[in-house]
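Let me begin by presenting the structure, written as structure tokens, before commenting on it.
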Amino acid sequence: MNQRAMRYATVGLKPLLLLSLLWGGCSSSSVENYPDRPISIICPWSVGGATDRTSRQLAVFLEQELGVPVNVINATGGRGVTGHSRGLKARPDGYTLAIITGELNMLHWQDLTSLTHQDAIPIMSLVDGAAAVFVKKDSPFQSMQELQDFVKENPGKLTATGTASGGIWHLALAGWLDFSGLNADDIKWIPMNGAGPSLQELASGGVDLVCCSLPEAKTLYESGQVRCLGVMAEESLAEFQDVPTFRSQGMDWSISGWNGLALPVGTPPPIVDKISKVVKKITSGETTLQGKTFPELMQAAGLSTKYRANDEYAQFLKTNDKTLGKLLTSDAFSQMSSRGTGPLVFPGLLAVAICVILGCLGVQKKVHALAPDVSKDTVTKQGVVNTVLILLGIVAYLLFAEELGFILTAGAILFLLLWKLGTRWWMSALITLLFIPGIYTLFAQLLRVPLPQGVLGW
Amino acid sequence: MDPTFVTALQNIVSPEVLLVIFLSAVYGLFVGSIPGLTATMAVALLIPLTFYLDNLSAIAAIVTLEACSIFAGDIPTTLVRIPGTPSSAAYTDDAYSLTQRGLHETSLGVSLVFSVAGGLFGALVLILAAPQLAKIAFHFTTYEYFWLYVLGLSCAAIVSTGSRLKGALALMIGLMFSTVGLSEVHSVPRFTFGFDELFTGINFIPAMIGLFGLSEVFRNCLTSKTDEESGKLTSAVISDDDKSWFKHLKPVFGGVLPHLWKRKFSWFRSSCIGSTIGMIPGAGADIAAWISYAVSKKSSKTPEEYGKGSLDAVGDATSANNSALAGAWIPALVLGIPGDSVTAIVIGVLLMKNITPGPEIFNNADQLVLVHGIYLTFIIANLLLIPLGFLAIRSGSQLVRVPRRILMPLILMFCVVGSYSINGSYFDVWVMLGMGIIGFVLEVFAIPLGPVVLGIILGGQLEQTFVQNLTKDDSLLSFFNRPISAGLGIFCIALWLVPVFMPLLRKKWQSAN
């Protein structure tokens, strides 16, 4: 675009922009016209896993039904604390939906968070995957009984993995050991970051067993790389008929990991109703996407679903919390995660290394060598003022963006910075007027980043 | 010719698929060149769209997007010293130094041509060696991973500019940052100071934006650099009155092809490193770039130029990161185990489209068409990168003409929005701010920033494998129990000991003479 065309475009843009701002102000989000802007789903686990797959599948259907973009945000880490906190402590306006998983009923028993299922308005449970035990194809174990006998004779010899220590699959395996009259740590649990890396570790011979849900191991299982000794479900799974249950091997033990959709407590009832209705429609298979319904697509991905709506789901959460709490507070589990290398060993080693290096640098007297290009340029008084302005700009954004919205805050800060750094005021205004709507369109519309909306909705 | 290959070719040259490839290339270049937005994020944002596409278009879109965004990461790296993607962090100093000398177009030309060459090499490896080579990586356990991380980190410390001790210090600082948060292996929160947000630890994307981007803004502002410098920069740019296309092509491509020919062996070596690292699950393009950079510096005749603007460094590292992309697809397709975060998403997409990745994908005729489609897309995407990448370089080059007093507030806005966008969290903006200040202080003491970033990225995995190994067996000797881990371990230890004993040996040798 040449200069003249650009000038023309900006002149034409201004009234349009003002209009759109006014329009945005009028239609600021209210309960009646919900939803009128992008919705985020907070998924507490990483991309590629079963929970992520569920969230993304649901997001596509919600997007079609609600008519606004629905983004999935993977707020991972902290064994689910991060994602659950962000989802359930979000502003309860219906624009942040939470995917909750079995960990919600475990973390508070382990004193990792104060969040419980009472902080969530349950909408619909989606996936319910029973734990299963896998061995490598050349493993000597053919059944759970053989495994149990071996562990009885050789406690502490075998290693297993599947998730972090104290996680749902660890609990499943330790629970079975406890149920069989063995010690919960008779099989060494190697903490790992999810089922994917755990299965790889199993296939490469790094561990003896993996405990995770069946669909998570679908690929390796169907290609014959791993063998499944049993699934901890009440009855055998429709997708995997040939896998024996624990019960059929004489062990009355079942446990499963689940996920579902919830809203933060405090969400207005009309919005809760609306989402409940839409989700019910989706999960009952009334809506299709390219000729496939939600349950069909979930089944194709190998995920075992169990749909429980509102009250039924709430009831399930309550009993599930009790069951898991009983397990986690029992003597067998209370010491489960407090073994092995301590949490401060690694940082301690690093601290020692830093001291040694600083010592060496001190001996070499090189600590105070200034970087060449910093020492060359002199720090000016104006420079210090400018730097402080930049710092204040960031802090101001952090303090006001949530209330005022992205466009107002970023626009004001950018204009003031440009002006104070020596650009003429009309030039600063022009750059701001071009750049802020541009960056907003780019991030919020094209890239679908949920930028702060503020009281006016922009 | 293989009939499935012909079918794949016919499918891929259909106008719809080609349009999808073109659009994703543009999108990829765009996202890659914005700091804070990674290739992984771009692919994740594309997921809802892939439901509306047929299988081949969906996969083609992801492949193209990936290849283009990894190259595009070099554009802000070179022009404003902010790595557009983590894969560019290894050669940030080199690329930016070249810009300061007015050689940004040459540097970007080298980035582009070596990226394309590396990408094509990676595609070739994917096509020829997929099943065979994946078998080796399949034997990696936590012991081998541990040594692999140690190797990657050691390389970062060794290649850093200036004193090696300062490189090591920077690495330790980065590793220290990585221990913040709820440890995956212990389930104990560490150094969180009561902030719930810190349970996740320090996200390395805002950290990187802060360390490289914000600290640069501070440095520029503090010294009130006038516009003389940007005037100096534009002197190398072709003057405006010359409108012929050739004159525009020359600064970008002129001399690049001879350079590629001259460095064909190092290109081959870097690409081999790239595809091998890419194949190893968990180690992606960024580690490939670091290791390739280290090897390149070791074998260079002019190692003193590395970090101060070496074209060789840029070329080698960038061909490695691009060839790693195709490598990562090998374990994903053959075993259903992701090679990097993008292929982790790809596996999800494949499963949703009723394709189960695994060895049998190579036996099923329908699915083999798709596999061949992936091969072809890698080739098409890389070839398409030449014209589109050139246009991206040209438009990016306009950046250096903008006066700094205007550029700095704009970069600041990108830093803020970029660090916010990765998770939609204000806390990440605070992290960016804190890291910006830390980065500025470290630079004052001439401590390199690259190893800090790598320490934050790899620290968690290093500690995890370390603890996992010790949980399996208390003895440190178990780290050398398996053949591959023993080999890697001895190699790493040798790498540390050589610089310590080299001066002694040299002294002895000299006195003997």
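Each residue, glycine too, has its Cβ placed from N, Cα and C.
What TrEMBL lists as domain 'DUF112' is B:18-454. Per TrEMBL, transmembrane segment is recorded for B:20-47, B:108-133, B:145-161, B:168-186, B:198-218, B:328-352, B:372-393, B:405-423, B:429-458, B:479-502.
If you look at the transmembrane segment (B:429-458), the same-chain residues 6 or more away from its ends with a CB under 8 A from one of its CBs are 86, 89-90, 92-93, 149, 152-153, 156-157, 159-163, 166-178, 202-204, 206-215, 217-219, 286-287, 290, 307, 415-416, 419-420. As a quick check, the transmembrane segment (B:145-161) and the transmembrane segment (B:108-133) miss the bar of 3 or more Cβ pairs under 8 A, pairs 6 or more apart, so the two do not touch. For the transmembrane segment (B:108-133), same-chain residues at least 6 beyond its ends with a Cβ under 8 Å from one of its own Cβ atoms are 67, 70-71, 74-75, 78, 95, 251-257, 259-260, 267-268, 270-272, 274-276, 278-279, 311, 314-316, 318-327, 329-330, 333-334, 359, 362, 374-375, 378-379, 381-383, 385-386, 389-390, 393, 396-397. Listed as Cβ neighbours of the transmembrane segment (B:198-218) (distance under 8 Å, sequence separation of 6 or more from its ends, same chain) are residues 35-36, 38, 80-83, 86, 89, 92, 177-178, 180-182, 189, 191-192, 408, 411-412, 414-415, 418-419, 422-423, 427-429, 431-440, 442-443, 449, 452-453, 456-457, 460. When Cβ-Cβ distances under 8 Å to the transmembrane segment (B:372-393) are tallied for each of B:20-47, B:328-352, B:405-423, B:479-502, the top count falls to B:20-47.
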